[in-house]
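Notes for the one structure printed next.
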Amino acid sequence: MNKTAIALLALLASSASLAATPWQKITQPVPGSAQSIGSFSNGCIVGADTLPIQSEHYQVMRTDQRRYFGHPDLVMFIQRLSSQVSNLSLGTVLIGDMGMPAGGRFNGGHASHQTGLDVDIFLQLPKTRWTSAQLLRPQALDLVSRDGKHVVPTLWKPEIFSLIKLAAQDKDVTRIFVNPAIKQQLCLDAGTDRDWLRKVRPWFQHRAHMHVRLRCPADSLECEDQPLPPPGDGCGAELQSWFEPPKPGTTKPEKKTPPPLPPSCQALLDEHVI
């Protein structure tokens, strides 16, 4: 499938959830032992943790949207990564969307982030902590050139390279989505230590943030993991294909309705949403 068709599918997956979803009516995590259920784009979570808003190592953006819930493994990953970044004096980690209290489908902006195992992290590491006003209305820093073929040299910093590499080296991380131009720059900067690049995957948009995804927890028996990324650093023909013009004759895919929920997620909705 060519890149234009994939882009249209991604857009449809996101726009299909623009209408309000019942998951928004669940305002607190569902009690129980932590269980990620279903797939990243069609699932839910029981026993989600709340990411502490106050931390000396990170700051949480858009707290008014209450998207700072996730599996305990995700909370621990954020704390672990931000502590590493702080110890290296790289700056403050800026945390974007995680998931809703019970996971589930958003009303827009995300097709995934449904099982408590995804988090968006800004590709900025401010040395001075942001104000409350800045956090509520964050200004994204677009690192990619207008033509989408490379990063903006004056905006690309070694600290951002280190942030992405640290995240990719974490044992619980399976994928990190970034813009193809950012992946390309990582490939150029990586040197001989390249194993971690396998986890960094080019994807549409993602010009100012990285989307980090964790593996399914071992005790979440209903969680559906993705296949591992292809072997290698992903810096060859696959990456270059993202910069090729779309093939002629690309047709817009039919709009698809969301798939049925996993039975456990449907039961959760039936119990907690009137």
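Even glycines carry a Cβ here, placed using N, Cα and C.
As given in Swiss-Prot:
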- 1-19: signal peptide (SIGNAL)
- CYS44-CYS265: disulfide bond (DISULFID)
- HIS110, HIS113, ASP120, HIS211: Zn(2+) 1 binding site (BINDING)
- ASP147, HIS150: Zn(2+) 2 binding site (BINDING)
- CYS187-CYS235: disulfide bond (DISULFID)
- CYS216-CYS223: disulfide bond (DISULFID)
- 227-274: region 'Disordered' (REGION)
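What Swiss-Prot annotates, mapped onto the structure for a quick look.
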residue : record                : CB count, 10 Å
CYS44   : disulfide bond        : 30
HIS110  : Zn(2+) 1 binding site : 20
HIS113  : Zn(2+) 1 binding site : 27
ASP120  : Zn(2+) 1 binding site : 21
HIS150  : Zn(2+) 2 binding site : 17
CYS187  : disulfide bond        : 16
HIS211  : Zn(2+) 1 binding site : 21
CYS223  : disulfide bond        : 23
CYS235  : disulfide bond        : 18
CYS265  : disulfide bond        : 25
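Look at CYS223 (disulfide bond): DSSP puts it in a strand. Packing around CYS216 (disulfide bond) is summarised by its Cβ count: 21 other Cβ atoms lie within 10 angstroms of its Cβ, all protein chains included. A helical conformation is recorded for CYS265 (disulfide bond) in the three-state DSSP classification. According to DSSP, CYS235 (disulfide bond) is assigned to coil rather than to any helix or strand. The shortest Cα-Cα distance between HIS110 (Zn(2+) 1 binding site) and any of the disulfide-bonded residues CYS44, CYS216, CYS235 is the one to CYS44.
Across the structure, HIS150 (Zn(2+) 2 binding site) and HIS113 (Zn(2+) 1 binding site) are spaced 27 Å apart at their Cα atoms.
Here the candidates are the recorded positions CYS44, ASP147, CYS187, CYS235. The one whose C-alpha lies nearest to that of HIS113 (Zn(2+) 1 binding site) is CYS44. A separation of roughly 11 Å, to the nearest angstrom, links the Cα atoms of CYS223 (disulfide bond) and CYS265 (disulfide bond). All protein chains included, ASP147 (Zn(2+) 2 binding site) registers 8 other Cβ atoms within 10 Å of its own Cβ.
Looking only at the recorded positions CYS44, ASP120, CYS187, CYS235, CYS265, the one with its C-alpha closest to CYS216 (disulfide bond) is CYS44.
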